[in-house]
Each structure stands twice: as structure tokens, then as C-alpha cells.
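*Asks:* Next up is a structure, given as C-alpha cells.
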Ligand SMILES: NC(=O)C1=CN([C@@H]2O[C@H](COP(=O)(O)OP(=O)(O)OC[C@H]3O[C@@H](n4cnc5c(N)ncnc54)[C@H](O)[C@@H]3O)[C@@H](O)[C@H]2O)[C@H](O)CC1
Ligand SMILES: [K+]
């Protein structure tokens with residue numbers, strides 16, 4: 001198989017076709033492995049292909065690395081490592097396999113791979129607490145078979161890998177990361193590149209996993225996952241997927257036709273949140289934006305954002321006209337959970353308009369759970385999600401996929417679970433994973449921008465699940481573009497505004 005066909009991930013990732021990019025869990029990979037083994041009649045064949053793919057990808061990346069350490073575990077992930085080490089040896093590299101004493105290869109394919117490496121003259125060292133010098137390290141300790149947090153001995157080996165200083169190339173999964181959930185329960189390898197075998201894994205694109213994967217690259221090993229179409233458990237969205245929803249404007253567009261968004265929030269001392277929400281809605285294409293807020297925030301808001309239409313509201317009666325005129329309501333930014341906020345929240349829930357609940361609107365909902373009108377959108381961060389589920393943040397983060405599904409089921413609406421690798425889900429739909437965003441976006445006010453962007457897309461006639469998906473992708477893509485030029489540190493929510501507009505017009509952005 002040609003090199004480019006085998007390591008399609010890197011180039012395809014750059015192009016990021018707008019065809020759906022399915023993500024799978026271990027069950028699908030096991031089924032694919034069984035199928036491929038049955039088809040080839042040799043359980044070792046897939047490991048052989050994996051080892052060869054790893055060696056070719058290695059040459060693509062680190063061909064200048066003469067000496068390499070291959071850390072092999074007891075299972076088939078380790079087997080992949082032995083096959084790759086054999087290729088390196090045969091290509092004149094200085095290679096050493098390192099393993100734990102208790103990690104002798106288990107199972108016929110891994111033993112065959114280890115024997116092949118030994119027969120090629122390969123040396124195997126038992127880990128004694130320190131790793132020898134090398135120009136690069138291959139992590140073949142654990143793959144999708146990880147079933148619990150690495151124990152102390154394996155943990156010491158993982159810490160030695162992370163502390164070695166050489167670049168790390170992880171086979172299939174960075175060891176210690178849960179490939180289905182993205183959770184990291186103990187020591188885990190921090191890789192520069194992770195070569196995923198057969199299919200992209202759901203868990204490697206969300207949560208703590210994103211701190212460990214480095215650059216993900218796919219090696220399909222020639223296995224056709226379409227035969228396992230029942231299995232995709234999620235879809236990975238990247239910047240070019242914006243084109244799926246953001247078509248060039250219709251010529252006869254009239255501001256009224258691009259939707260009218262009502263942003264509600266900005267209690268005393270929190271007026272800025274509403275400005276960010278309203279500005280993001282305008283920059284994401286809403287035709288008209290009303291901003292219902294405290295009277296003393298009207299003048300500053302007008303000064304900052306003359307395109308918005310601020311309305312002083314002190315009671316739910318003051319809100320009536322704006323609720324009637326709105327196509328979509330975004331409530332929560334700076335709303336507070338005092339009487340004022342609670343009154344406006346109740347009035348918004350009583351309207352028959354599509355709702356987006358964010359920030360304090362979510363906290364008010366968590367404090368008094370109730371049924372929500374049809375096709376709402378919730379945009380919790382992990383802490384708000386935990387409150388809404390009666391759980392805690394650590395448990396939400398330990399299985400983000402389960403959390404977003406539980407929230408959508410409980411409130412019967414679309415949910416955006418924010419955080420590294422934002423997840424979007426709605427009842428009866430799959431899970432969409434946002435393949436954009438960066439740590440610089442973990443600052444106050446970014447959520448206000450997200451809620452404005454999603455509300456604007458909802459007002460432009462996307463349904464709740466698509467508006468939530470496209471809005472989250474637009475927001476994270478804008479954050480990446482804003483960070484690309486000037487860095488992540490010091491990134492402000494208002495830095496996203498010009499990028500929301502550029503990214504919301506993909507053709508303009510591609511120029
Ligand atoms: N699935 C595929 O299509 C392919 C998989 N390949 C490679 O095989 C691994 C999966 O191999 P498996 O033997 O199932 O498990 P691992 O090698 O990932 O794990 C090793 C082994 O270790 C034990 N174990 C689990 N957790 C721990 C722990 N915390 N501490 C100690 N030991 C642990 C458990 O018994 C595991 O079985 C996959 O990732 C690919 O790299 C094929 O070669 C390519 C196709
Ligand atoms: K690994």
C-alpha cells in the first residue's frame with residue numbers, strides 16, 4: 001500500500017473534506033480487527049500492517065532520528081511496537097525495545113512479533129527506572145486494551161517517557177489515555193504524534209486526551225470501516241465543515257430575513273457579558289439584535305455596539321414586546337441568579353420562542369429543574385453540566401460523551417458541552433465533536449460569544465442541533481484563527497469578533 005494511502009490522516013486533516021468524519025470506539029475496532037483477521041486468515045497480518053505503517057509514518061516525521069527506543073507493553077499494542085522496531089533495525093537504525101519485566105508478550109500475534117524482532121537481532125531491555133539516551137521514543141505500551149489506570153510500575157515507565165526529552169510517537173493511543181472516553185485516570189504518555197490504527201477514536205478528541213495526543217494521524221491498514229457503519233459513535237467536525245451550513249447569503253436578503261435575536265442578561269456589574277453576546281450574534285449574521293438589560297447598561301452598550309438595540313428592563317413586563325419580536329432568545333450572559341434574573345428567566349421560558357440557555361440561566365435551571373420548551377439549546381461548561389446532572393465536574397470530565405447524552409435526554413434538547421473538544425448532542429442524533437479551539441479560549445466571556453453565535457445561526461433557520469454544532473465550530477475556529485497570528489496567551493473574547501465574520505463566510509475566509 002502506498003505511503004500516502006496509508007497515512008491519509010495528515011493530508012486529509014489539512015484538507016478536512018466536508019464529508020462526515022466518523023469517530024469510533026473500541027467495540028468497532030475490535031469488530032474490524034476480527035473481520036480483518038478472518039479475511040486474511042492470519043491474526044498477525046493486521047499487526048504486521050500496523051508495524052509497517054508506523055515505520056513509514058516515522059520516516060515521514062523523524063527520518064533523521066538514528067536511535068530510537070520502542071517501549072512495548074504485553075498486548076498487541078506492544079506487538080505493533082515489536083514489528084516497527086524490526087523495520088527500524090532492518091533499516092539500519094539503532095533500536096532498543098524497553099519493557100517491564102512483567103510485560104512479556106501475551107497472545108500469539110504479540111509473541112510472533114517479539115520473536116521476529118529477536119530473530120532480527122533486536123535487543124530488549126528491562127526497565128530499571130531510567131530510560132537510556134535516544135533521539136526519539138515509540139510508545140507501544142498500551143492501546144485500546146487499557147482497562148484501568150496504569151499501576152505504579154507502569155506509571156514510572158510512563159513518567160520516564162514523558163521526562164526523557166526526546167519526541168514521542170504513540171502507536172494507536174497515547175498509553176494511559178482511555179480511547180473511548182478521553183479520560184486520563186493516572187499517568188499517561190504525552191505524545192507529539194499519535195498514529196491511530198484503522199479508525200479515528202472518539203475519546204482522542206475531547207477532554208484530557210487532547211493534552212496527550214499531539215497530532216493525530218490515521219493509518220487505515222486497508223480496513224474498510226464502512227462495513228461497520230453501525231458503529232460510528234460520533235462525528236468529528238473541523239473548520240471546512242462550516243461550509244455544510246454557512247451558504248453564501250441569499251441576494252434578496254433583508255435584515256428581517258436573517259433573524260432577530262433577543263439577548264437577555266447583564267445584571268449590575270456584569271454588563272459586558274451581554275455586549276459580547278450581542279456582538280457575537282451580529283458578527284455571526286443575525287439581522288437584528290435586541291439586548292435586554294439593566295437600565296444603567298443601555299448607554300454603555302449603545303456606545304460600544306450601536307448596531308444592537310438595547311432595551312432597559314427592570315421587570316418581566318418590560319420584556320414583553322422584545323419577546324414578541326424575537327425569533328430566538330439567548331438568555332444567561334451576566335444574568336445573575338437574583339430576583340431580577342429569575343423573573344426574566346421565567347418570562348423567557350414562558351415565551352413560545354426557541355431558547356438558548358447559558359451561564360446563569362443554566363444555574364437557575366439547575367436550582368429549579370423544570371421541563372423546557374421544545375428545541376431549546378443548553379450550553380454548559382463542565383461545572384454547569386455537573387450541577388444540571390446532580391453530579392460533579394470530575395465525573396462529567398471522566399466521560400464527557402455520557403454526560404452530554406444524559407443532559408440531552410434529561411432536558412430533551414440540544415446540548416453543547418463546552419471544554420477541550422466540545423461535544424454537541426441532541427435526542428435522536430449522534431454526537432458531534434468540535435475539532436477546533438485552543439487553551440487560549442479558556443477565559444471569561446468566551447461562553448458569552450458562543451451563545452451569541454449559536455443564537456444567530458438558530459435565527460438564520462438552522463435547527464437546534466445544527467445551529468449548536470455550527471455555532472460551536474464557528475466559535476472555536478474563530479478562536480483558532482485569532483490565536484494563530486498573535487498567540488493564545490492574552491486572547492480576549494472580543495478578538496474573535498472579526499474572525500466570526502470571516503469564518504462565517506467560508507469563501508471569503510478561504511481567499
Ligand atoms: N483493534 C484493531 O483493529 C487493531 C489493534 N491492534 C493493536 O492492538 C492494540 C490492542 O491490543 P490489546 O492486546 O487488546 O491491548 P493493549 O495492547 O492495548 O493493552 C495491553 C494489555 O495490557 C493489559 N492491561 C490493560 N490495562 C492495563 C494496566 N492499566 N496495567 C497493566 N496492564 C494492563 C490488558 O491485558 C491488555 O490486553 C491496539 O491498540 C493496536 O495497537 C493491531 O495490531 C492493529 C489493529
Ligand atoms: K500506545
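Indices start at 1 and increase along the chain as displayed.
Note: Cβ is positioned from N, Cα and C throughout, glycine not excepted.
Keep in mind that TrEMBL annotations are predicted by a computer and have not been checked by a curator.
Just lifted these from TrEMBL, have a look:
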- 29-229: domain 'YjeF N-terminal' (DOMAIN)
- 76-80, 143-149, 172, 273, 334, 381, 448: (6S)-NADPHX binding site (BINDING)
- 77, 139, 175: K(+) binding site (BINDING)
- 238-507: domain 'YjeF C-terminal' (DOMAIN)
- 418, 419, 420, 421, 422, 447: AMP binding site (BINDING)
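I'd like to know what surrounds each of these features in this structure.
*Replies:* The DSSP secondary structure for residue 381 ((6S)-NADPHX binding site) is coil.
The DSSP secondary structure for residue 77 (K(+) binding site) is helix.
Over all protein chains present, the Cβ of residue 420 (AMP binding site) has 21 other Cβ atoms lying within 10 Å.
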*Asks:* Mind running the binding-site residues 76, 139, 147 against ligand 1 and keeping the ones whose CB falls under 6 Å of it?
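*Replies:* Cβ under 6 Å from ligand 1: 76, 147.
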*Asks:* How many neighbouring Cβ atoms, not counting its own, are there within 10 Å of the Cβ of residue 77 (K(+) binding site)?
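*Replies:* The answer is 26 other Cβ atoms.
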*Asks:* Identify all same-chain residues not among 418, 419, 420, 421, 422, 447 whose C-beta atom falls within 8 angstroms of the centroid of the AMP site's C-beta atoms; report them in sequence order.
*Replies:* 381, 382, 417, 423, 434, 437
*Asks:* Taking Cα-Cα distance, which of the binding-site residues 76, 147, 172, 175, 381 are within 10 Å of residue 418 (AMP binding site)?
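*Replies:* Hits: 381.
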*Asks:* Kindly assign residue 139 (K(+) binding site) to one of the three DSSP-derived states: helix, strand or coil.
*Replies:* strand
*Asks:* Should we count any of the binding-site residues 79, 381, 421, 422, 447 as near ligand 2, judged by a CB under 6 A from one of its atoms, and which?
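*Replies:* Once distances to ligand 2 are taken from each Cβ, none falls under 6 Å.
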*Asks:* Within the same chain, and leaving aside 77, 139, 175, name every residue whose CB is within 8 angstroms of the centroid of the CB atoms belonging to the recorded K(+) site, in sequence order.
*Replies:* 71, 73, 78, 81, 140, 141, 142, 143, 170, 171, 172, 173, 174, 189
